[in-house]
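Feature annotations, reproduced from TrEMBL:
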- Arg198, Gly199, Asn200, Lys201, Thr316, Ser530, Arg591: CoA binding site (BINDING)
- Gly392, Glu393, Pro394, Asp416, Thr417, Trp418, Trp419, Gln420, Thr421, Asp507, Arg522, Arg533: ATP binding site (BINDING)
- Val544, His546, Val549: Mg(2+) binding site (BINDING)
- 31-88: domain 'Acetyl-coenzyme A synthetase N-terminal' (DOMAIN)
- 90-476: domain 'AMP-dependent synthetase/ligase' (DOMAIN)
- 538-616: domain 'AMP-binding enzyme C-terminal' (DOMAIN)
- Lys616: N6-acetyllysine (MOD_RES)
Amino acid sequence: MPDESHFATAPELVPVPDDYAPYSRTSLKQYQERYRRSIEEPDAFWTEELRRLDWIKTPTEISNVNWDPDNLSIEWFADGVLNVSYNCIDRHLDQRGNDVALIWEGDNPGLHSAITYRQLHNHVCRMANELKKIGVTKGDRVTLYMPMIPEALYAMLACTRIGAVHSVVFGGFSPDSLAGRIKDCESEFVITADQGVRGNKPIPLKENVDRAIEIAGGVKAVLCVRHTGADIGWVEGRDFWHHELTLQVDANCPPEPMNAEDPLFILYTSGSTGKPKGVLHTTGGYLLWAAMTFDTVFEVERGEVFWCTADIGWVTGHTYLTYGPLANGVTTLVFEGIPTYPKADRFWEVCDKHKVNVLYTAPTALRALMREGDALVEAHDLSSLRLLGSVGEPINPEAWAWYHRVVGKGKCPIVDTWWQTETGGCMITPLPGAHDLKPGAASKPMYGIEPALVDGEGHFIEGEGELTGNLVIKRSWPGQMRTVYGDHKRFAETYFSTYRGLYFTGDGARRDADHYWWITGRVDDVLNVSGHRLGTAEIESALVEHVDVAEAAVVGYPHDIKGQGVYCYVTLNAGVEPTAEMEAELKAHVRKEIGPVATPDVIQFAPALPKTRSGKIMRRILRKIAENQLDALGDTSTLAEPGVVDDLVANRPQG
Ligand code: ATP
Ligand code: MG
């Protein structure tokens, strides 16, 4: 018999804490009324929302959308004119010029700085003029390959100031991956730094850029920020030092008037499911979605500090590190380092040091920090925190409960925000003062979002009670991507052809009897065991409830009798050795929690799981290993540590 004392479970319902009342801006009633209005009277709703931004020409058209895959076209606020950097900087100068726009915390805990909105204006204008000087013009694609330093945000905003389209590539990618992205969007300009530093280790950014340019070709100019001062290679005539050019340019750069539908940025998805897609977002709709969702979900007031731990190489680093906070004129924290350097308490140290009010991070980071024990959290004063957020993967209830209890001391709501690179911002999330929380549930749709469930044939699954199916969205919203850069056909095929006329998210979901939405994992990952459809996320959650289990990933593999069998990869906490008893316990626990059909067939204990650079588990590779298709692992270029795969293959249980 399993010893149930080895398993920790989360509460099923956590009411809005009383401690949150002073911060709450939206009650349940207000949410319900605004949501109703956003769906029933969208034109009136969006006409009001438009006032969040400063327009050079206020749009009169709201939306013009055709989701038919053969005539796919999406426009919002099409006759509007605005500039993103103006909205994120200039318009705050009168009232908030001396407010801190960004706090920078270096990898080295001794380094930090604060930049006011007025200083930000100066830096961004200068960098915009530098870009002009090296030949960048409106519409050009500029690739950013940057460490997490203030100049990374200056560079993004400088592009938007002159109407250039940025494509930020995560600074941990290899020269090959960088080259692929430079080529894909035909980018002639790169902004980088001599080196990055993470966990006290230098990252040879400029060297990687040089190699990527050799591979990709076509790059005319490189703007390089001096960060560590390391010796680097230099191509005269192509490479320019930011610190030199900045002395030669004016500190004023008029913002370029942009059409709402002009491209704003390209960003490649993380590649969990295959070759990354160059997601294109446009100016007006994206910025409004970023500004509105940031304000609605996080309720950050002037003077508060918001910390999103995502890298700018991911969409979260675009929408909630950069554009959302700055469009709302509040303070965003930019962290260069990693959660475990110098020690595994860095997050908590930074929260304490900068008196962070809202922390927004990913389940992968939380699971890693949870492994390190509570004492590291408790050693710091976290009383400034009032709200916690999660994004990137389903958060298993055990990690949720730990985040809530140990980090939030039971007084901070947790917003588990479901969204995608493609959606531009939050789509399904609780609002902190409005919704009682259910650990593990993304909860309720954002204004303007109409989620629905369909079966394999595209028939709506409707009715009261609990429903499960493929998650689709029924109507467009302003922050929706407009195309896959250079491949509109792939855009139509990927998102609008599976279920004609609906946006297909690729994720599976469950809507419970209270109309709370739960993301059950990617549809490709849903198992069909003896005719039962099982979400991988739920089996993984059950496994992770074991006190010694740090992380788990579940995939299917062909099974003679059941159709698919349940194959579980399990990583144990540091210092714990796997035993046959533990294996039996885990199997019995899953059986008890989810049901006999979900009982694991195979458990492979693994020191680590293959992840994307953004920290997501790559289940498609695990599936191939489970299926014993070792020569068909697919695109592995976005893997963080390729060696992990070799280890899994070598230790695959035979049978
Ligand atoms: P690719 O599209 O290249 O395979 P990706 O889907 O990992 O990569 P992202 O756009 O970064 O790229 O991630 C979006 C996906 O992350 C969602 O479709 C969903 O599967 C998962 N996700 C994000 N947030 C949540 C959340 N709060 N709960 C559950 N799943 C989430
Ligand atoms: Mg995706």
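For all residues, glycine too, the Cβ spot is worked out from N, Cα and C.
Note: TrEMBL annotation is automatic and uncurated.
Features per TrEMBL, on structure.
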residue	record	DSSP class
Arg198	CoA binding site	strand
Pro394	ATP binding site	coil
Thr417	ATP binding site	coil
Ser530	CoA binding site	coil
Val544	Mg(2+) binding site	helix
Arg591	CoA binding site	helix
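Cβ contacts within 10 Å of Thr421 (ATP binding site), excluding its own Cβ and spanning all protein chains shown: 20. In this structure, Lys616 (N6-acetyllysine) belongs to neither helix nor strand by DSSP; it is coil.
The highest number of surrounding Cβ atoms within 10 Å, among the binding-site residues His546, Arg591, is found at His546.
A distance of 27 Å separates the Cα atom of Val549 (Mg(2+) binding site) from that of Arg198 (CoA binding site). Here ATP is bound by Gly392, Glu393, Pro394, Asp416, Thr417, Trp418, Trp419, Gln420, Thr421, Asp507, Arg522, Arg533 per the record. The longest Cα to Cα distance in that group is 27 Å.
Screening the recorded positions Pro394, Thr421, Arg522, Val549, Lys616 for a C-beta under 6 A from any atom of ligand 1 leaves Pro394, Thr421, Arg522, Lys616.
Averaged across the domain 'AMP-dependent synthetase/ligase' (90-476), pLDDT in this predicted model comes to 96. Annotated pair Val544 (Mg(2+) binding site) and Lys616 (N6-acetyllysine), C-alpha to C-alpha distance, rounded: 16 Å. Within the domain 'Acetyl-coenzyme A synthetase N-terminal' (31-88), the DSSP-based counts of helix, strand and coil residues read 29 helix, 11 strand, 18 coil. Cβ neighbour density within 10 Å is lowest for Ser530 among the binding-site residues Thr316, Thr417, Ser530.
Thr316 (CoA binding site) falls within a helical segment according to DSSP. Neighbour counts of Cβ atoms within 10 Å were taken for the recorded positions Arg198, Lys201, Arg522, Lys616; the minimum is at Lys201.
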